[in-house]
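Going by Swiss-Prot, these are the annotated features:
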type	residues	note
BINDING	32-39, 59-63, 77-80, 144-147, 176-178	GTP binding site
BINDING	Ser39, Thr61	Mg(2+) binding site
DOMAIN	24-195	domain 'EngB-type G'
Amino acid sequence: MEINTHNAEILLSAANKSHYPQDDIPEIALAGRSNVGKSSFINTLLNRKNLARTSGKPGKTQLLNFFNIDDKLRFVDVPGYGYARVSKKEREKWGRMIEEYLTSRENLRAVVSLVDLRHDPSADDVQMYEFLKYYDIPVILVATKADKIPRGKWNKHESAIKKKLDFDKNDDFILFSSVTKDGLDAAWDAILSKI
């Protein structure tokens, strides 16, 4: 499938399924801890500076943000999890919103689960991966911020992440940097193979 990534726009933000777009365009959701680099990942894939707003303030995305890409594909930016400065009630609300989308959305083809290559996955990262595996949702695991680690240490960090997640070798694992564009083609290949 040919996709013109320049033809991309934010379509809408939704709090529940009554607000989701009503059509059959395939969707790829993006999930990860606050400040893992989701917005930078989206902007890099779409070759845009700030289509997805990057923020120094974690926990900025509080709704599901739907990005229309060439009327052929949508990215769905899921609120970042694991941010402590949000009330427990607010976190539970986000949790329900995310769970509703991931378990009931027929358009969903796969989830790009983002983790920070520099650190072991958090308990929230592990829980998200287990959740996706439990519901049999295809996963593309993207380890971000690869430029912050010397290339010679990538394998060591990759192995540590896979071990902590009990990673399924049938899932895609991509080392990614929005700075150097490492992993850009691999990410698109993985996404397009799912739709």
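Residue numbers in this text run from 1 along the chain shown.
Quick reminder: no glycine exception, Cβ is built from N, Cα and C everywhere.
All features noted in Swiss-Prot, drawn onto the structure.
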residue : record              : Cβ neighbours (10 Å)
Gly32   : GTP binding site    : 25
Asn35   : GTP binding site    : 21
Lys38   : GTP binding site    : 26
Ser39   : Mg(2+) binding site : 22
Leu63   : GTP binding site    : 16
Pro79   : GTP binding site    : 23
Lys145  : GTP binding site    : 21
Phe176  : GTP binding site    : 26
The rounded CA-CA distance in Å from Pro79 (GTP binding site) to Ser39 (Mg(2+) binding site) is 11
Between the Cα atoms of Ser39 (Mg(2+) binding site) and Gly32 (GTP binding site), find the distance and write it as a whole number of Å. 11
Please give the average pLDDT for the domain 'EngB-type G' (24-195) in this predicted model. 91
Three-class DSSP secondary structure - Phe176 (GTP binding site): coil
